[in-house]
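Novice: Summarising the annotation, Swiss-Prot assigns active site, proton acceptor to HIS48, GLU75. According to Swiss-Prot, the active site, proton donor annotation covers HIS199, on the basis of sequence analysis. Feature annotation from Swiss-Prot assigns 3-amino-2-oxopropyl phosphate binding site to ASN12, ARG23, GLY200, GLY221, HIS222. If you look up Swiss-Prot, you'll see ASP14, HIS15, ARG50, HIS55, THR105 marked as 1-deoxy-D-xylulose 5-phosphate binding site. Here Swiss-Prot flags GLU156 as site 'Transition state stabilizer'.
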Amino acid sequence: MSDQKKLRLGVNIDHVATVRNARGGAYPDPLRAARIAEEAGADGITAHLREDRRHISDADIEGLMDVLSVPLNFEMAATDEMQQIALRHKPHAVCIVPEKREERTTEGGLEVAREENVLAHFIAPLREAGCRVSIFIAAEQRQIEAAHRIGAEVIELHTGAYCDAHAEGDFAQRDAELARLRDMATFAHGLGLEVHAGHGLTYDTVQPIAAFPEVIELNIGHFLIGESIFRGLEPAIAEMRRLMDAARA
């Protein structure tokens, strides 16, 4: 497979930290998981430093910056505190996500269209510092257009509605969500944006998304950490890598 065709896999290690924090202490170590993910074929590592520090910690981000040989995709809310942390560490990529303290996981995409001026000023220093700025959004044309206007280089399309419809057996809705994702990936690519996708992807749902030629990167975490309980982290990631590559071939 040529480098041009290869789809990148970003492995999100947040929920290794979730398990660690359930008991306190240092085990299991997210940094060890990140190194295993690299060995298993991950092209990058994603970590979300939430405002409430419910899983990934500041020390984890510092450690990842020190040990990784692949790029770090630093997920964060659009707050002054997170901006300062990102500017201090200067990770390869920063993905701006919506965040609510009461949610279990990121429930939807960022409302870029409603906050264009604020977000444009927020991401400017990050871009000047050399970080690639990505915006996590719903597959909606108005959000994509707004992300483009504020100067984002990358968008990440929220695949949760597609994955949820598949899990619920609503295949008509699943197919409609898949078509919407495909159309919006094509639209974003036409604007010159780099297109990523993620949220809720599993072995059963990854290949239709991986087959979109406009999508350059998938970010997958919760499923892989869960599957690692049964088959081990390296084999779980290697199987996802295999499915992605097969869909792209």
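Every residue gets a Cβ built from N, Cα and C, even glycine.
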Novice: Taking the Cβ of HIS48 (active site, proton acceptor) as the centre, count every other Cβ atom within 10 Å, in any protein chain shown.
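Specialist: The answer is 23 other Cβ atoms.
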Novice: Could you say which of the recorded positions HIS15, ARG50, HIS55, HIS199, HIS222 has its Cβ with the most other Cβ atoms inside 10 Å?
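Specialist: Counting every other Cβ within 10 Å of each candidate, the maximum falls on HIS199.
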Novice: Mind telling me which of the recorded positions ASP14, GLU75 has the densest Cβ neighbourhood, counting other Cβ atoms within 10 Å?
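Specialist: The largest 10 Å Cβ neighbour count belongs to GLU75.
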Novice: The record lists ASN12, ARG23, GLY200, GLY221, HIS222 as binding 3-amino-2-oxopropyl phosphate. What's the largest Cα to Cα distance among them, in Å, rounded to a whole number?
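Specialist: Among the residues the record ties to 3-amino-2-oxopropyl phosphate, max Cα distance equals 25 Å.
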Novice: Considering Cα atoms only, can you say which of ARG23, HIS48, HIS199, GLY200 is the nearest neighbour of ASP14 (1-deoxy-D-xylulose 5-phosphate binding site) among these recorded positions?
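Specialist: The answer is HIS48.
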Novice: Among the binding-site residues listed here (GLY200, GLY221), identify the one with the smallest other-Cβ count within 10 Å.
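Specialist: Candidates: the binding-site residues GLY200, GLY221. Fewest Cβ atoms within 10 Å: GLY200.
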Novice: Write down the Cα-Cα distance for HIS48 (active site, proton acceptor) and GLY200 (3-amino-2-oxopropyl phosphate binding site), rounded and given in Å.
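Specialist: Counting only the Cα atoms, the answer is 15 Å.
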Novice: For ASN12 (3-amino-2-oxopropyl phosphate binding site), which residues of its chain lie six or more apart in sequence with Cβ-Cβ distance below 8 Å?
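Specialist: Listed in sequence order: ILE45, THR46, ALA47, HIS48, GLU75, GLY198, ASN219, ILE220, GLY221, HIS222, LEU224.
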Novice: If you count Cβ atoms within 10 Å of the Cβ of GLU156 (site 'Transition state stabilizer'), leaving out that atom itself, what do you get?
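Specialist: Its Cβ has 31 other Cβ atoms within 10 Å.
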Novice: Can you tell me how far the Cα of ARG23 (3-amino-2-oxopropyl phosphate binding site) sits from the Cα of ARG50 (1-deoxy-D-xylulose 5-phosphate binding site), in Å?
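Specialist: ARG23 (3-amino-2-oxopropyl phosphate binding site) to ARG50 (1-deoxy-D-xylulose 5-phosphate binding site), Cα-Cα distance: 19 Å.
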Novice: What does the structure give for the C-alpha distance between HIS15 (1-deoxy-D-xylulose 5-phosphate binding site) and the residue listed as 'active site, proton donor'? Integer Å is fine.
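Specialist: HIS15 (1-deoxy-D-xylulose 5-phosphate binding site) to the residue listed as 'active site, proton donor', Cα-Cα distance: 13 Å.
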Novice: According to DSSP, does GLY221 (3-amino-2-oxopropyl phosphate binding site) fall in a helix, a strand, or coil?
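Specialist: Going by the DSSP assignment, GLY221 (3-amino-2-oxopropyl phosphate binding site) belongs to neither helix nor strand, so it counts as coil.
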Novice: GLU156 (site 'Transition state stabilizer') to the residue listed as 'active site, proton donor': how many Å between their Cα atoms?
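Specialist: Each residue's Cα considered, GLU156 (site 'Transition state stabilizer') and the residue listed as 'active site, proton donor' end up 10 Å apart.
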Novice: Round to a whole number and give the Cα-to-Cα distance in Å for the pair HIS55 (1-deoxy-D-xylulose 5-phosphate binding site) and HIS199 (active site, proton donor).
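Specialist: Roughly 17 Å, rounded to the nearest whole number.
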